[in-house]
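> Reproduced below are the annotations present in TrEMBL:
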BINDING   80, 82, 86, 125  Fe(2+) binding site
BINDING   80, 82, 86, 125  Ni(2+) binding site
């Protein structure tokens, strides 16, 4: 994909859809919510309470709203992991999260308005916009936000080892 536009769908031919169950086996969870009522949505509030997501902010990713837009988009697309779960709720627009499966293949997850996703700590992933070049997302954290990304390779990190161990037997 290095020479191709990262914002395209990049489907395999023939298409190879991945089920929500297959994503769950990787520790990736998804909810479909009503983004039009995110400020008062009882379902979102229940998820936040159940998961302990105490911190929230909103980011608008567009060349007119995000300082250093091109630089940040390149950084988001570098393969990396975090020490904490990554939780994103798309309030408007569209984007992609790419995650690695157990065989190191990329899985592209199309995110649209109303999609909430959690990526587990230690999973290699990357993020990009689609060809609309815009998304508005809620970022959720347990406690204070930690913005540090660890670019691949980070296989020797404790959180990566813990994640890989959690997949064994799946």
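Here the Cβ of each residue, glycine as well, is placed from N, Cα and C on the backbone.
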> Looking at Cβ-Cβ distances, which residues of the chain lie under 8 angstroms from residue 125 (Fe(2+) binding site) while being 6 or more apart from it?
79, 80, 81, 86, 97, 98, 99, 100, 119
> So around the Fe(2+) site, 80, 82, 86, 125 aside, which residues have their CB within 8 A of the centroid of those CB atoms?
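The surrounding set, listed in chain order, is 81, 119, 123, 124, 126, 127, 149.
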> Please give me the CB contact count at 10 A for residue 80 (Fe(2+) binding site), counting all chains in the structure.
19
> Within 10 angstroms of the C-beta of residue 82 (Fe(2+) binding site), what count of other C-beta atoms is obtained when all protein chains are considered?
19
